[in-house]
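Student: I am attaching a structure below and will ask some questions about it afterwards.
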């Protein structure tokens, strides 16, 4: 811990992590390493299958490849450092690394919010306007929605980074968390954080509200359309079209709301980190599993890609 010099900035932080017990640290290291490898292989595999299989060159899979790309980077922003800290006793992270980690965490999280909204709109058009789907969900619109998601995520994270860079740390450099998240760093600062918290809350709240409202409106319209379908098989088909996305959205927003709609003091005490582990480490692994295990098209595409690869090998 730093000496209590008034209003001086620190050069590094200590991430307290999840536990002091060496046995539990080893168990967590093994578990997180398996999750990390599954996440990297799952997301990279998903991107590869979508690129290689022409039948998956549709708006839904275009968005899904970007979701996998975000999750791939997302898992590399937090998990490697967490794995390193579980094996070492220092648990050191430099000031620059800490704020870089926080910037990317905010950027990727915000972008994913808007991308999930775009996917909800895509599902709405597919179910409510199936005949006009190829025209409405043109390549231009898909690219615009994706670019917009990245751009809004970038704006949100830049504002967050600028606000956080105004903080001063003088009493302690110990972060009661396993990665550099906004709330535990705010709790650590010795400057008055009220204005910064209001700014962050406004922008993060706007991101959340816009994406949640878009998703809710899309799914209310989908539900209304599905209820009008008379045949059971038709209802089943419509439900299967958006089941994977709905499950992904529920898990993502559920853990995010549980993690962040809390008083700041709970972070200062280092509690409730299970939701953060789930949100930061487990979710990037879940998306490719949700979209591949629940999806016949992805399974069939994987078979086609493997057959094609086998065919090339035999030709050689």
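Every residue gets a Cβ built from N, Cα and C, even glycine.
Per TrEMBL, the features are:
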type	residues	note
DOMAIN	42-291	domain 'G-protein coupled receptors family 1 profile'
TRANSMEM	26-49	transmembrane segment
TRANSMEM	61-80	transmembrane segment
TRANSMEM	92-115	transmembrane segment
TRANSMEM	136-159	transmembrane segment
TRANSMEM	198-226	transmembrane segment
TRANSMEM	238-261	transmembrane segment
TRANSMEM	273-293	transmembrane segment
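How about a rundown of where these features are and what they're close to?
Tutor: Within the chain carrying the transmembrane segment (26-49), a Cβ under 8 angstroms from the stretch's Cβ atoms is held by residues 18-19, 56, 64-65, 68-69, 71-72, 75-76, 79-80, 82-83, 86-87, 281-282, 284-285, 287-289, 291-292, 298, 301-302, 305, all 6 or more beyond its ends.
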Student: Average the per-residue pLDDT over the domain 'G-protein coupled receptors family 1 profile' (42-291) and send me the rounded value.
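Tutor: Overall, the domain 'G-protein coupled receptors family 1 profile' (42-291) comes to a mean pLDDT of 86.
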Student: Looking only at residues six or more beyond either end of the transmembrane segment (92-115), which have a C-beta under 8 A from one in the stretch?
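Tutor: Contacts with the transmembrane segment (92-115): 9-15, 63, 66-67, 70-71, 73-74, 77-78, 81, 146, 148-150, 152-154, 156-157, 160-161, 164-165, 175, 179-182, 185, 204, 207-208, 210-211, 252, 256, 280.
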